[in-house]
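Chemist: Here's the feature list from Swiss-Prot:
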type	residues	note
BINDING	23-30, 71-75, 134-137	GTP binding site
DOMAIN	217-273	domain 'J'
Amino acid sequence: MDTNVQKRRENKKSLRVKVISLGNAEVGKSCIIKRYCEKRFVPKYLATIGIDYGVTKVQVRDREIKVNIFDMAGHPFFYEVRNEFYKDSQGVILVYDVGLRESFDALDSWLTEMKQEMGSQANMENIIFVVCANKVDLTKRRVVDESEGRLWAESRGFHYFETSAQSGEGINEMFQSFFSSITDMCENGGKRPTPEVSVGFTKEQADTIRRIRNSKDSWDMLGVKPGATREEVNKAYRKLAVLLHPDKCVAPGSEDAFKAVVNARTSLLKNIK
């Protein structure tokens, strides 16, 4: 075989990609990476100082993928180090601890920081994101359930996996799906392919479900001010009912959100003359 032809074939098969991990300190980013790359779990917490860098090789179909992994420190102190490593990423692993709600709520701020460093939303659109709901083995301390995490991820077009760095649950499946999607993107000219199947719900539905989950009281849940009239309560209820009725909305958590709205309306109307 001609040497040049052989080299071209080898170059076609070989692919080099850059992946970064994001999330608050102590959510298990480094442990997830070590579990996959080194097949081990490190029980003692060792804070990442700035950036940890590693390289691994994986096989995706007929291609060898050389993955450069940049494990970002989650502490705010290391922002000036992190901000140098966002650009030119093909994949992002977003991690939160299912037992720490603040780590889940912080996912939006991590995306904001990344967007700020990337320069524009367009640069974010051709990156594969995967969300890891980590430490699912610690069931008794869980405060963010699967439906809430899945809703947040899927409403943004991100992959979602339940993982445990300690037990290994979901780790291999997550990385296999992640690297396969990155490969598909690279083979599609660096553009994220349009998913064959849509998630089946809108961002408005997803945001509404999350708002209802986080509501302080029945007034807040329906989006009306305390002291609202019967007509205002019913109008707000009807709008939410149309948006979230389980027969029309397949978003994770929609059934519970709809029930909560029904109960909120009933509770408020009892006290309105």
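Placement of Cβ uses the backbone N, Cα and C atoms for every residue, glycine included.
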Chemist: Measure from the Cβ of V136 (GTP binding site) and count the other Cβ atoms within 10 Å, all protein chains considered.
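Modeler: There are 21 of them.
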Chemist: When a 10 Å sphere is centred on the Cβ of E26 (GTP binding site), how many other Cβ atoms does it contain?
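Modeler: Other Cβ atoms within 10 Å of E26 (GTP binding site): 16.
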Chemist: Can you tell which of the binding-site residues (M72, H75) has the fewest other C-beta atoms within 10 angstroms of its C-beta?
Modeler: H75
Chemist: DSSP secondary structure for K29 (GTP binding site), reduced to helix/strand/coil, please.
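Modeler: In the DSSP reduction, K29 (GTP binding site) maps to helix.
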Chemist: How many of the residues that make up the domain 'J' (217-273) does DSSP mark as helix, as strand and as coil?
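Modeler: Reading the DSSP string over the domain 'J' (217-273) gives 37 helix, 0 strand, 20 coil.
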Chemist: Taking 10 A as the limit, how many CB atoms besides its own sit near the CB of K29 (GTP binding site)?
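Modeler: A count of 27.
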Chemist: For G23 (GTP binding site), list the number of other Cβ atoms lying within 10 Å of its Cβ atom.
Modeler: 24
